[in-house]
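Residues or ranges marked as domain 'G-protein coupled receptors family 1 profile' in TrEMBL: 28-244. The transmembrane segment feature in TrEMBL is assigned to 12-34, 55-75, 95-119, 131-154, 179-204, 258-278, 290-315.
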Amino acid sequence: MQLSEEDLSLSYVDIIVGVFYIVYAALGIGLHLIEIIACSKLSHRFNGFRFIAHYSTADILLLFQYGIWDGIVILTKSEIITRQQRQIVNVFINFTWWSSSYLSIVVTLTRLLSIVIPLKFLRMRMLTSHYICIGTWAIALVQSYTVTLFPWYADIHYNAKGYGMTCNWSAYALSGTQMYYFAFNGFTILTNLLLYVAVMIALLNKTQRRHLNGESRSMGCASSNARKRKIFAVKSLSNMAASFYSDKVIKCSRSVELSLLLSCFVNWLIAVIGQIAINLISFDNRWREFIVMLTFMTQCWMNTIMRLFLSAVLLRKVKQILMGYFPKTQKPCVVQTDGFVRIWTSGIR
């Protein structure tokens, strides 16, 4: 791409935007890495965090794509790659985007499974969970590569003169590329919406069933005689400890999975609002690109922030990981024995 002398000059605004992109994305990547470490530790007890770890990995790739890479393009006033390499970049750009989109569907589906079949979901093998996510990554990669082979696909590339990505927008709108993105983004949004509706129905049914079971149980207790209650107590005594432990595990897992469900729903809602806002804004091309990139990066940030805000288990684990990087402090202890004062330090975290 041939740039004019004015385009090649780096203004102070370009420097601010480029540095902001890199710093904002780098901080987000660091936060996501800590979240992934926490999820990997929690995944041995709660299956939902296995899928969250993959989803957070996709966010890291998006932050690198929108912030680190684009920030370097802005500061160097160079697309970095050649025109012939744009196909490879498009494969990567689409791969990160569709991986994040499809993993969001997988995460929502796991929220539904944790409600409908909690015990089976709790017993899901770790390898099975990772195979599902790897399959999702593979589908996104195959789709991203295949679409670039069609002649109607309009290449998207980083704008060395602006603050985001650009392409031949006329070809983008008329060739079918715009319809392609619209169809698959619409599929992702609609699928997530249907899954969340199914989740709400499952929660309502479970609440109603629990209420009816409580009423029938109280009526049964009122009508049964003392002898039946005694026989029932004797039969259930041997299984009481195991049943109590199983119920406790299921309730704990259900509480954690529901907190993840709420965070996923809020993140999905934010993503939909962001997509609508992007299509409605009408700034100058350069600042429109800035708003789009900032929205995408903030969406990645919000994914982790909302999970930390709504999941007490995840937040506690992240705090433990962060505290592990700080040295132990020495607290002085004073003890008086036989008229002497002895002072020593005991290491506490």
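Just so you know, glycine gets a Cβ as well, placed from its N, Cα and C.
It is 55-75 that, among the stretches 12-34, 55-75, 131-154, forms the most Cβ pairs under 8 Å with the transmembrane segment (290-315).
On the 0 to 100 pLDDT scale, the model's mean across the domain 'G-protein coupled receptors family 1 profile' (28-244) is 84.
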